[in-house]
Each structure stands twice: as structure tokens, then as C-alpha cells.
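> Structure below; questions to follow.
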Amino acid sequence: MGKQGVHNLMAKADFDAAMKEKGTLMVVDFFATWCGPCKVIAPQVVNLRSFFLSRFSDTYTDARFYKLDVDEVPDVAQELGIRAMPTFMLFRDGEKVAEVVGANPKALEAAIQKELGAGEQGA
């Protein structure tokens with residue numbers, strides 16, 4: 001089973017280490033503590049994580065969910081061109097495969113669904 005919970009990336013080194021994981025789908029929530037929409041969507045991200053890990057537990061166990069505070073780790077946010085919060089980026093094997101800008105849970109769910117399906121086909 002994949003790592004439990006939604007993990008905070010507190011430094012660029014944490015982000016870089018997570019990017020080195022192979023065969024995983026990384027869902028990264030780039031947020032700011034002062035961002036109202038970020039606070040609204042945060043519980044929905046936790047629910048999406050639980051939904052996808054339970055639904056795909058037999059076929060795709062290595063989905064990881066992370067949060068990165070753009071004010072605490074500005075170098076990563078700048079490197080990736082994050083300009084609006086929240087921004088969700090999905091990575092596989094260190095490569096960005098999808099991006100959702102804004103507090104749009106339906107779009108995030110669709111992006112995760114698509115990439116989990118791609119992960120199944122690529123396995």
C-alpha cells in the first residue's frame with residue numbers, strides 16, 4: 001500500500017527526494033496559508049486521496065499526495081512557475097503529467113482518474 005496521509009514537503013530537498021520515486025503518481029498541492037480557496041479544497045483533497053487509494057488499491061498502490069506551502073518553499077514554486085493558488089501538479093517518474101489551477105475538485109479528480117488509468121496501462 002502507498003504511503004498513508006497527505007505529506008507536507010517542507011524544503012526543496014523533500015520535493016527533490018519525492019521526485020526521485022519511480023513508478024508512483026505524485027499529486028502535489030501547491031498552496032499558501034493565506035489562500036482562502038486553498039483552505040476550502042484541502043479537506044476535499046484528503047477525501048480524493050482516500051477514494052483513489054481505496055478504489056485502485058489492487059491495481060495502482062503507489063499514489064502519493066503531498067502539500068507544498070509556496071511561501072515556505074518558494075524556490076520550488078518559482079522553478080515550476082506556480083502563479084496561482086491552489087495549483088495541483090501531477091508527476092510520474094519525475095515528469096509533470098498534468099496540472100490543475102484553482103480550487104476545482106472535479107478537474108482534479110478527472111486528472112487523477114486519467115493518470116491512474118494511464119498508470120494501469122503502463123504497468
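Cβ atoms are placed via backbone N, Cα and C, with glycine included.
Quick paste from TrEMBL:
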type: DOMAIN; residues: 1-117; note: domain 'Thioredoxin'
type: SITE; residues: D29; note: site 'Deprotonates C-terminal active site Cys'
type: ACT_SITE; residues: C35; note: active site, nucleophile
type: DISULFID; residues: C35-C38; note: disulfide bond
type: ACT_SITE; residues: C38; note: active site, nucleophile
> I'd like the Cβ neighbour count for C35 (active site, nucleophile), meaning other Cβ atoms within 10 Å of its Cβ, all protein chains included.
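Around C35 (active site, nucleophile), other Cβ atoms within 10 Å: 19.
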> Report, in whole Å, the straight Cα-to-Cα distance of D29 (site 'Deprotonates C-terminal active site Cys') from C38 (disulfide bond).
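It is 9 Å, counting Cα to Cα.
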> Please give me the CB contact count at 10 A for D29 (site 'Deprotonates C-terminal active site Cys'), counting all chains in the structure.
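Looking across every protein chain shown, the total is 23.
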> Between C35 (active site, nucleophile) and D29 (site 'Deprotonates C-terminal active site Cys'), find the distance joining the two CA atoms and give it rounded to the nearest Å.
12
> Using DSSP, break the domain 'Thioredoxin' (1-117) down into helix, strand and coil residues and give each count.
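The counts are 48 helix, 30 strand, 39 coil.
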> Restricting to the domain 'Thioredoxin' (1-117), what is the model's mean pLDDT?
86
> Let me know how many other Cβ atoms fall within 10 Å of the Cβ of C38 (disulfide bond).
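Result for C38 (disulfide bond): 21 neighbouring Cβ atoms inside 10 Å.
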